[in-house]
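Per TrEMBL, the feature transmembrane segment maps to B:25-47, B:67-92, B:120-141, B:147-173, B:180-204, B:255-278, B:328-346, B:358-382, B:409-431, B:443-462, B:474-499, B:520-542.
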Amino acid sequence: MGKEIILEVKNLTKRYGKKTAVNNISFKLSGGDIFGFIGPNGAGKTTTIKCIGGLLEYDGGDVLINGKSNKGFDQALKRSLGYVPDTPFLYDKLTGREFLYFVGRLYGMDKKSLEKKIDEYSKKLEFSDYMDIRSEEYSHGMKQRIIIASSFIHSPDIFLIDEPMVGLDPKSSKIVKDLFKEFSFSNRILFISTHTLSLAEEICNKIGIMDKGNLVYFGSIDNLKESLKKSNLEELFLEITKNDN
Amino acid sequence: MITDLFSLKSKIVLRYLIIKDFKTLIRILTFFFVISIFLFGTYFVFFKVFNYLLNLEDIGKGFIYRISSLLFTIIFFLLFTSSIITSISTFFKTPELEFLFSTPLKTHHIFFSKLFENGFYASWASLIISLPLIFSISNVFKVETIFLIKWLFLFILMVFISTSFGILVVFLISDLFKRFSLNFIVTLIFVLLIFFFVFFFIFVKPDIFNLPQNATLQEVTKYLNSLEVEQFKYLPSGIVLQIIFNDINAKSSNLLYFFLSFYLFLTFSFLFVLIRIYRKKYLGFSLFNLSSKKERSKIFEKRVFSKNLEIFLIVKDMVIFFRDPSQWGQSLIFVILLFIYSFSIIRSPIYFKTPFYTYILSFANLGFSSYIMATLSVRFIYPLISLEGKTFSIIKSSIRMENYFNSKLIFNFLIILFLGEFLIVLTNIFLKMDLLIIMLSSLITFIFSFGITIINTGFGAILPDFNETNPSKIASGFGGIVSAIVSLIYIGISISILSTPVKNYFEKSFRKIPFNFSEFYYAIIFITLLTFFIFVIIYNYALIRLKRYNF
Ligand SMILES: Nc1ncnc2c1ncn2[C@@H]1O[C@H](COP(=O)(O)OP(=O)(O)OP(=O)(O)O)[C@@H](O)[C@H]1O
Ligand SMILES: [Mg+2]
């Protein structure tokens, strides 16, 4: 190991037709960072995450992962990323376990370590009860847990997670939160877009605030609090984005 | 890794067949039962007709060839157009793609699995016609099994080539859409269409219209045989069909194999290019996201507060329809198909003037028009209730299901009726049918429109898919296939009931023997009763089902 993981977003711009969804944003994260990406609805969070994940073509700028642009297809680069979309996708007719097998196989894991990981995460995220029934019978939160596990089992270097807390009951959010916390001790990057400000406040060492396609703040929460003289993130958030109607 | 993807996919398909409970068992059995009845029925009809034609000397074989060639051309266009429709969603829009592209799967793995899937989605509807056709040709001419196997293989190649061309068109169009505005493109398509048909009509085959109206049978035969320069002869469908008939006549088809290989080569070459650009295309795909203008629809807002909720619901359906280019784009494709059909009809009457051919033709026409009506209904009417999606529960709480279902039924009926009558009256006039036949066909079309509407609206309520939002996927799902087949069986039964009196009518009017009209009345009464019977059963069952859904 030992090598440092760096994610650098440089002047990223993405337009949909005439609308600019992400406007020239830049930031840099490195191993051990837990990054909370917040902002009002339609601010451009999902769009940014997709551009970083190589799932959307962008119009300007670049995304560098360990110094390498993600523009072309690169299998090693894909392996180093774990992506959890905002709307969970599972194959209806497959069981949770089968889906996890499939994902593990695609990421080149061998059977033994795959089984070990599935075992580990089914206990951590408490889905062993239902992982052998077809996912067409799952609730939203059940799907969400399987999807989160699917990105954890192949232990990528960079996790991109869009709205992880949606649909999770209090207990599962706690479990997921604890899972995330372990990251600060690793040299990997966790990138979470979320509306749950308490989550960002509690576990993130860095935050970014998006508003109308612009990255209006990037840095640690403490610095922000100090400069604006507010005590919690919610007030900060409302202060920064107050020009919206 | 590609094998992983394929084994996963086949596992998913097999899962649909796993029997969990009694209800699924019934469902699957019904499905297979209905499909096999349909396949055998179609096979039987083709076999009978061809066998009958084969007994006519001189002209029989040529006639079988003409019919098969018309059908093959239609099948080709069906494959091509449905591939355009399905590949937009399989290659660019399904949510599965985002997942697949986020994994380390290589682009060509994803492309191949989608190519396969698209071939399946695009071809099932034409398979249920073409398989019986090929089997019946092989049995009528009593060829060896090895030929049948070869023909089926050639047919698969044809499916592969035509669906791949559809994919190519989608890739090209997506480029076009990015560069130009929607209005520009729609206008362009219309202008091109008009040019195409003017060209087709005036320049390609002007001498078609010069054949004397009162040609004798010999002349007709000669004409049929001399129809070598058919405009669709060098499409993959024409080539495959010619190879089939060369096999029957024990002629060699070397040149044709050359053409076929050329098509294959062409297909592989552009697929190779498409694979290269697929990833980039997918990541930048924005076929339908062009308009960022804000729309306030007057008609929508006016209708929201009108007293009549039924009318508002219909207005809502229409507004949604016209805002979705993939929806009206597909209707455009149907219009093109109808054009092609009408043009083949316009060319036909000249050499089909004897009563026997008129009989066959008026029948084929009724059959084909009803087939079009049925296909249209499956594609556009069947999905309507499913498209309400989760909103259905809100609708349910605000309107009585009887009113809801009735309003859908009436509206759909009017549309199908208009279309069907338009088509049947127009083509019959082109065919120079006598007044009685025109009136009769339009009466039958009236009854058919009703039957087809109740079947498709009804199955839309009985077997809906509230989770899928893509109408063409809904139409090609389980319920869509069932209602397509039930519609076709219904039409098949009705037409065969009609066939005896119509045949007698033509024979007698040819020999100038007085004809007893009560035969017609019985047949029509019978069809009306059949339709009524279907109506009562489906209507009541649909309402029971509609009232039962809650989520
Ligand atoms: N496919 C698309 N076509 C056109 N515009 C889009 C598309 N997807 C997103 N947008 C626009 O891009 C902007 C950013 O959207 P995005 O989904 O990134 O927001 P978000 O920050 O994730 O919002 P939320 O908190 O609601 O998830 C929005 O204004 C939206 O209208
Ligand atoms: Mg979002």
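The backbone N, Cα and C atoms fix where each Cβ goes, and this holds for glycine too.
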Chain residues outside the transmembrane segment (B:147-173) and at least six past its termini with a C-beta under 8 angstroms from it: 76, 79-84, 87-88, 91-92, 115, 118-119, 122-123, 130, 134-135, 137-138, 236-237, 240, 243-244, 247, 260, 263-264, 267, 270-271, 274, 277, 281, 287
Intrachain residues whose Cβ lies under 8 Å of the transmembrane segment (B:25-47), provided they are six or more past its termini: 17, 19, 128-129, 131-133, 135-137, 139-140, 478, 481-482, 485-486, 488-489, 492, 496
Same-chain residues near the transmembrane segment (B:255-278), Cβ under 8 Å, at least 6 residues beyond its ends: 91, 107-108, 110-111, 115, 154, 157, 160-161, 164-165, 167-168, 171, 234, 236, 239-240, 242-243, 246
Annotated stretches the transmembrane segment (B:443-462) and the transmembrane segment (B:520-542) touching (3 or more Cβ pairs under 8 Å): yes
Non-local residues, at least 6 beyond the ends, that sit with Cβ under 8 Å of the transmembrane segment (B:358-382): 67, 125, 327, 330-331, 334, 337-338, 341, 345, 348-349, 352, 412, 416, 419-420, 423-424, 427-428, 431, 433, 437, 441, 444-445, 448-449, 452-453, 455-457, 459-460, 471-472, 474-475, 479-480, 483-484, 487-488, 491, 495, 498-499, 502-503, 506
Winner by Cβ pairs under 8 Å against the transmembrane segment (B:474-499), considering only B:67-92, B:409-431, B:520-542: B:520-542
